[in-house]
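Asks: Here it is, the structure in full.
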Amino acid sequence: MSKPKTKFICQQCGFESIKWMGKCPNCDEWNTFVEETIASNFKTGCNDTELNKVELLRDIQSKDEDRVKTGIGEFDRVLGGGIVQGSLVLVGGDPGIGKSTLLLQISDLMSRYMKVLYVSGEESLRQIKLRADRIIKNIQEIYLVSETSIHKIEKHVERIIPGFIIIDSIQTMFTDESSTIPGSVSQVRQVTQHLLRLAKQNGITIFIIGHVTKEGAIAGPRVLEHMVDTVLYFEGDRSQTFRILRAVKNRFGSTNEIGVFEMMTDGLKEVKNPSELLLSDRQFNAAGTAVVNCMEGTRPIMMEVQSLICHTNFGIPRRMSTGIEYNKFVLLLAVIEKKLRLNLSQSDVYINIAGGMKVQEPAVDLGVVAAIISGYLNVPVPYDCCFTGEVGLTGEVRAVGSIERRIIEAKKLGFTRIFTPEMRVNNIEGIEIRRIREIKELYDFLKKL
Ligand code: TYD
Ligand code: MG
């Protein structure tokens, strides 16, 4: 009998090699290669009857996807308007962030329409029941099974015929086809392949929970993300109650949407108006803070940017940012120093988005600049002012999208002045629109206060 062929696969990035290596040449990680057997029963050639039908694109009947609304507005919106029947969805997040809690609540809501099978490889049925007692009032038909073998799970599915399955979590599942331990790249890949087949052939919706590694990827490589229809990330600071559900890939909707939740003692509650919550702890007359209006998907969210400037005690001044990208923050600081001639070379500068939000939208720039100028001058930004706009390298304030929606949101929250880029916007009653061309105008405004 010939020796089975093996190859070495990097558990971090999926790079393949015929010999073991200490360091992966692709992702530069150390000690990540694991030997895996190559499946040798590949069949070549096939009968005519096995061929799939080829059709003309224009002749294919199109129909809207069947969607089921869970009733949790924040969750449905992130998915693009509800759960698409037969889709494979990956929910990633740090351990303990609340993935199992969220999906148990979703199971409860889905069980009103169809049979739900919750497969747990992490917790015992008793543990799940304890949690369910706390967060679900009237438990409907949810089938629970504690199982880690994908083949056994397939058998359970044949017997129960559920319409909705939760796999908690992909890292605990395994298949006999691979000799590696559960959680390794090839295990995760092969188990997901089984689940994909299960979802697509039987029209079952499957949600897969995946833990995120320190580097922020699910199960090491991103192989999984290619295989599923939708990838959601559940994030937030575990010490805070805020949780954000973000779509990073979605075959059935936009990827910019976020859903905001709050972790309570009886499960997750959706936050319908995040701006209100994010601004609830705002201090009156505090220098160094500014409210900024950013779009998250189709929704404007207002949040507070805080800055702290203090004299440096060491030779090299410190820069630290939470919530916005570090490089962008340093760049904005450089623009401020150069264009406004503020001397920050002897100061530590810290910046933070209150509430643990992470912002990537460029419109946050003007708020960051306002917070830093206000901190530097030690002059509070007036309580009724907010900001939105991108700042360029020459200190110019650049246009941003959906400006009208931002202004309306600001007005709704009681702001009476908003600083925006030079853009054409219809006047909106009750709020003054201050169009500015460069950050110098903002500096002059704060200086005069
Ligand atoms: P869990 O859903 O088990 O996280 P994950 O599946 O992502 O690992 O959530 C665990 C945390 O949530 C735990 O620290 C306790 C907290 N929690 C609440 O605060 N309230 C609740 O009602 C529940 C069920 C959990
Ligand atoms: Mg869990």
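Placed from the backbone N, Cα and C atoms, the Cβ positions cover glycine too.
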Asks: Select from 59-63, 189-193, 249-253 the stretch of residues annotated by TrEMBL as motif 'RadA KNRFG motif'.
Replies: 249-253
Asks: Mind telling me which of the binding-site residues Pro95, Ser100 has the densest Cβ neighbourhood, counting other Cβ atoms within 10 Å?
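Replies: By the 10 Å Cβ neighbour count, Ser100 comes out on top.
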Asks: Provide the three-state secondary structure of Lys99 (ATP binding site) computed with DSSP.
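Replies: Its secondary structure by DSSP: helix.
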Asks: Write out, in the order they occur in the sequence, the residues of the chain not among Gly93, Asp94, Pro95, Gly96, Ile97, Gly98, Lys99, Ser100 that have a C-beta within 8 Å of the mean position of the C-beta atoms of the recorded ATP site.
Replies: His211, Phe234
Asks: So, by DSSP, how many helix, strand and coil residues make up the motif 'RadA KNRFG motif' (249-253)?
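Replies: Computed counts for the motif 'RadA KNRFG motif' (249-253) are 0 helix, 2 strand, 3 coil.
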Asks: Helix, strand or coil: which one is Gly93 (ATP binding site) in, per DSSP?
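Replies: The residue in question, Gly93 (ATP binding site), is strand (DSSP, three-state).
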Asks: Can you tell me which of these binding-site residues sit near ligand 2, meaning the Cβ is under 6 Å from at least one of its atoms: Gly93, Asp94, Pro95, Gly96, Ile97, Ser100?
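Replies: Among the binding-site residues listed, those whose Cβ sits under 6 Å from ligand 2 are Ser100.
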Asks: Filter the candidate list Asp94, Gly96, Gly98 of binding-site residues, keeping only entries whose CB is under 6 Å from an atom of ligand 1.
Replies: Gly96, Gly98
